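Novice: Pulled these features from Swiss-Prot for this protein:
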SIGNAL    1-29  signal peptide
DISULFID  34-93  disulfide bond
DISULFID  51-71  disulfide bond
DISULFID  56-87  disulfide bond
DISULFID  60-89  disulfide bond
């Protein structure tokens, strides 16, 4: 009789631990990598657009302190040639797109 009681207690404990784990996973959510284009870090001068890397870094850090910024040309519509460089900010975010803070 004692062994049956110990077995049921063990099974109950396992289910409780699994239930708590599922609740924690649901509240924390999965992280994913987000990329945001920051157009206000680009300047137009003499008909050509340039990306200010210092301004790009500063704006990206405002979005997420762990964010990584880089200036990257984007392809122009309908063409395979590279277009004007724009500021991109890459950071870890939640499923809703908000930055993940640690």
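Glycine too: its Cβ is placed from the backbone N, Cα and C atoms.
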Novice: Within 10 Å of residue 89 (disulfide bond) by C-alpha distance: pick out those among the disulfide-bonded residues 34, 51, 56, 71, and say none if nothing qualifies.
Specialist: 34, 56, 71
Novice: Taking Cα atoms as reference points, rank the disulfide-bonded residues 34, 56, 60, 87, 93 by distance from residue 71 (disulfide bond) and give the first.
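Specialist: Checking each of 34, 56, 60, 87, 93 against residue 71 (disulfide bond), the shortest Cα distance is to 87.
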Novice: Which ones, of the disulfide-bonded residues 34, 60, 87, 93, have a Cα no more than 10 Å from the Cα of residue 51 (disulfide bond)?
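Specialist: Matched disulfide-bonded residues: 87, sequence order.
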Novice: Considering Cα atoms only, can you say which of 34, 60, 93 is the nearest neighbour of residue 87 (disulfide bond) among these disulfide-bonded residues?
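Specialist: Nearest listed residue in space: 60.
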Novice: Please report the Cα separation of residue 60 (disulfide bond) and residue 93 (disulfide bond) in Å, rounded to an integer.
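Specialist: Rounded to the nearest whole number, the Cα-Cα distance is 13 Å.
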